[in-house]
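Taken from TrEMBL, the feature disulfide bond covers Cys180-Cys190, Cys185-Cys202, Cys204-Cys213. Per TrEMBL, domain 'Laminin G' is recorded for 1-99. What TrEMBL lists as domain 'EGF-like' is 176-214. Summarising the annotation, TrEMBL assigns region 'Disordered' to 96-120.
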Amino acid sequence: VVSDGRWHRVELLTHKQNFTLTVDNGRPRSIVNDGLNEYLETDSPLYLGGLPREVARNAVKMWHLRDTDSFMGCMERVYIGGRLADLSVGKQHQITPGCGGEEEVRDQGVYSRPSHPPGGSLTSLMHSATHDNCTISTPHHHNKDKQMQVHPPARDVSSIQRKQRQHKMSAIIPAATNVCENHQCKRGRCKPKKKRPDQYKCRCRRGWGGKFCDQ
């Protein structure tokens, strides 16, 4: 669980039945889907930050999720397939621009300080997020109270320039950096080695063996 009020970078890479998760460019963690389908193919909507109740219940029943708690935090930028997604074009539920911090917020006519740390909270529902030309202005913020509105603090020019430099430096790593991108496992699945994440081993299907599961 990451909950320290700071910005973090989370990256999820998918290749065939391999899923790799990386946080802040740290050590990657990978899992292999043992299902019948070799690729992830779906025409279902894409959800970020939360799920409708019925969708969440079905996901738990199918063991797609452990729990249905929504994400609480801010999403500054979201890349899908290496492209910057415009969070303002998707369907939204209880979303407001900005990230709650030390600024005052109006809640049912009463001014108060937010109880959460800088970084705010967000729950987003999106049905489409891949576009050729997408832009995103301020981070998006969400609080469980539907009446709350958060206004982002003013930023000077130097702050904006720093954000622009950080934006260039934090581009999503191409999928080719995934050690399993061009694996040679014939009758098995690629799995990164725990002690050497830059190398992989083949997890062979039943009845197959050898270094590349071809025997």
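For all residues, glycine too, the Cβ spot is worked out from N, Cα and C.
Caution: TrEMBL annotation is automatic and unverified by curators.
Annotation for Cys213 (disulfide bond): spatial neighbours Cys185, Lys186, Arg187, Gly188, Cys202, Arg203, Cys204, Arg205, criterion Cβ-Cβ under 8 Å with sequence separation of six or more. When pLDDT values are averaged over the domain 'Laminin G' (1-99), the model yields 81.
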